[in-house]
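Asks: So Swiss-Prot lists these for the protein:
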type: MOD_RES; residues: ALA2; note: N-acetylalanine
type: BINDING; residues: ASP21, ASP23, ASP25, THR27, GLU32; note: Ca(2+) 1 binding site
type: DOMAIN; residues: 44-79; note: domain 'EF-hand 2'
type: BINDING; residues: ASP57, ASP59, ASP61, THR63, GLU68; note: Ca(2+) 2 binding site
type: DOMAIN; residues: 81-116; note: domain 'EF-hand 3'
type: BINDING; residues: ASP94, ASP96, ASP98, GLU105; note: Ca(2+) 3 binding site
type: DOMAIN; residues: 117-149; note: domain 'EF-hand 4'
type: BINDING; residues: ASP130, ASP132, ASP134, GLN136, GLU141; note: Ca(2+) 4 binding site
Amino acid sequence: MADQLTEEQIAEFKEAFSLFDKDGDGTITTKELGTVMRSLGQNPTEAELQDMINEVDADGDGTIDFPEFLTMMARKMKDTDSEEEIREAFRVFDKDGDGFISAAELRHVMTNLGEKLTDEEVDEMIREADIDGDGQVNYEEFVTMMTSK
């Protein structure tokens, strides 16, 4: 399944993996998974975190390594994000609930994920998704960005 991914996708997933793998040891633990989920405003229980890991933990060692992470991401991409998942993700970014993701909101979420971005990088991300050119990302633009891969 993971063999259907492009090199660019694999590189993106490697970057995502390293956001989760806080100590850089090549595996994601329940603790690391919990940290990232909480930084995104989720509040999973220990049992939920364990379930999430068990779902993809092919070798049964209780952690997720990069190949397992790739398999999980490939699976997720196949049942392309449901409308509800995309709406949920949009809400994570749209902090003030006004229906738009501003540069400040994008920066806030990325900083919570441990990604320090320059103003230029944040503006560039907004520009890429901002179809109508109003300087922010509305829900339709967000959906377009999330589903056009």
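Placement of Cβ uses the backbone N, Cα and C atoms for every residue, glycine included.
If you look at the structure here, what lies around each of the features I listed?
Replies: In the three-state DSSP reading, ASP25 (Ca(2+) 1 binding site) counts as coil.
Mean model confidence of the domain 'EF-hand 2' (44-79) amounts to 86 (pLDDT, 0 to 100 scale).
Sequence-distant contacts (6 or more apart, same chain, Cβ under 8 Å) of THR63 (Ca(2+) 2 binding site) comprise THR27, ILE28, THR29, ILE53, ASP57. Under the DSSP three-state reduction, THR63 (Ca(2+) 2 binding site) is assigned to coil, being neither helix nor strand.
Sorting the domain 'EF-hand 3' (81-116) by DSSP state (H, G, I as helix; E, B as strand; all else coil) yields 21 helix, 2 strand, 13 coil.
Non-local contacts of ASP94 (Ca(2+) 3 binding site) by the CB criterion (under 8 A, 6+ apart in sequence, same chain) comprise PHE100, ILE101, GLU105.
Per-class residue totals from DSSP over the domain 'EF-hand 4' (117-149), listed helix then strand then coil: 20 helix, 2 strand, 11 coil.
GLU141 (Ca(2+) 4 binding site) counts 20 other C-beta atoms within 10 Å of its own C-beta, drawing on all protein chains shown.
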Asks: Using only C-alpha positions, which one of GLU32, ASP96, ASP130, GLU141 is spatially nearest GLU68 (Ca(2+) 2 binding site)? These are the binding-site residues in the record.
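Replies: In terms of Cα distance, GLU68 (Ca(2+) 2 binding site) lies closest to GLU32.
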Asks: Are there residues at least six beyond either end of the domain 'EF-hand 2' (44-79) with Cβ under 8 Å to its Cβ atoms? List them, or say none.
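Replies: For the domain 'EF-hand 2' (44-79), the nonlocal Cβ contacts are 1-2, 4-5, 9-10, 13-14, 16-17, 20, 26-30, 33-34, 37-38, 149.
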Asks: Quiz question: given the binding-site residues ASP57, ASP61, which has the greatest number of C-beta atoms lying within 10 angstroms of its own C-beta?
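Replies: Ranked by Cβ atoms within 10 Å, first place goes to ASP57.
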